[in-house]
Amino acid sequence: MCCYCVCCTVSDFILYIVAFFFPPAAVLLRSGPCSSDFLLNVLLTLLGFLPGMLHAFYYITITSPLRNAEYVYYYQQGWVDSERNVPSNRPQNSQTPQNRPQQGSSARNVYPSVETPLLQGAAPHDNKQSLVESPPPYVP
């Protein structure tokens, strides 16, 4: 019968068995001889067997290879300033309202226009003058 455990790897299981009999040896195998965790475990084992064993179990669980997936960070590349607002060498198609593609067509705008009113009560832009005037210039 095959035993498949999702809570720990084989190396973790062996370290748990070693930690049950001699806790500093398990921490030594996982962290190395001059690490602060090993020295802490030796001190805890000298103070009492149970604190050393609990620390060894905790350290084996925390440093398990299965926990590495919890700390994966995904970064999304944003705008590159050198590529932003650079005029392209391609001729631009001037689309009049009659030549614009319809909503359901496959040709879509690369950069859709987003209308965000900055002031409450501002009318949407319908090629009309805005009712809100700009603030006066700053004069020192």
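The backbone N, Cα and C atoms fix where each Cβ goes, glycine too.
Taken from Swiss-Prot, the feature topological domain 'Cytoplasmic' covers 1-8 (among others), and the record attributes it to sequence analysis.
Under the heading S-palmitoyl cysteine, Swiss-Prot lists Cys2 (among others).
The feature S-palmitoyl cysteine is assigned by Swiss-Prot to Cys3 (among others).
According to Swiss-Prot, the S-palmitoyl cysteine annotation covers Cys5 (among others), on the basis of a curator's inference.
Within the same chain, residues at least six positions away from Cys7 (S-palmitoyl cysteine) with a Cβ under 8 Å of its Cβ are Leu66. Under the heading S-palmitoyl cysteine, Swiss-Prot lists Cys7 (among others), citing a curator's inference as support.
What Swiss-Prot lists as S-palmitoyl cysteine is Cys8 (among others). Sequence-distant neighbours of Cys8 (S-palmitoyl cysteine) (same chain, 6+ residues apart, CB-CB distance under 8 A): Tyr16, Thr61, Ser64, Leu66. DSSP classifies Cys8 (S-palmitoyl cysteine) as coil under the three-state reduction.
What Swiss-Prot records for 9-29 (among others) is transmembrane segment, and it gives sequence analysis as the kind of evidence. Sequence-distant contacts of the transmembrane segment (9-29) (same chain, at least 6 residues past either end, Cβ-Cβ under 8 Å): 35, 37-38, 41-42, 44-45, 49, 52-53, 55-57, 59-61, 64-66.
When Cβ-Cβ distances below 8 Å are used as the criterion, the transmembrane segment (42-62) is approached by residues 8, 12, 15-16, 19-20, 23-24, 26-27, 30-31 of the same chain, each at least six residues removed from its ends. The transmembrane segment annotation in Swiss-Prot covers 42-62 (among others).
Feature annotation from Swiss-Prot assigns topological domain 'Cytoplasmic' to 63-140 (among others); the stated evidence is sequence analysis.
As annotated by Swiss-Prot, region 'Disordered' applies to 84-140.
Per Swiss-Prot, compositional bias 'Polar residues' is recorded for 85-108.
The annotation ubiquitin cross-link is assigned in Swiss-Prot to Lys128 on the grounds of a large-scale study or a structure entry.
DSSP classifies Ser134 (phosphoserine) as coil under the three-state reduction. If you take the C-beta of Ser134 (phosphoserine) and look for same-chain residues 6 or more apart in sequence within under 8 angstroms, you find none. The feature phosphoserine is assigned by Swiss-Prot to Ser134.
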The topological domain 'Cytoplasmic' (63-140) [mean pLDDT, rounded to integer]: 61
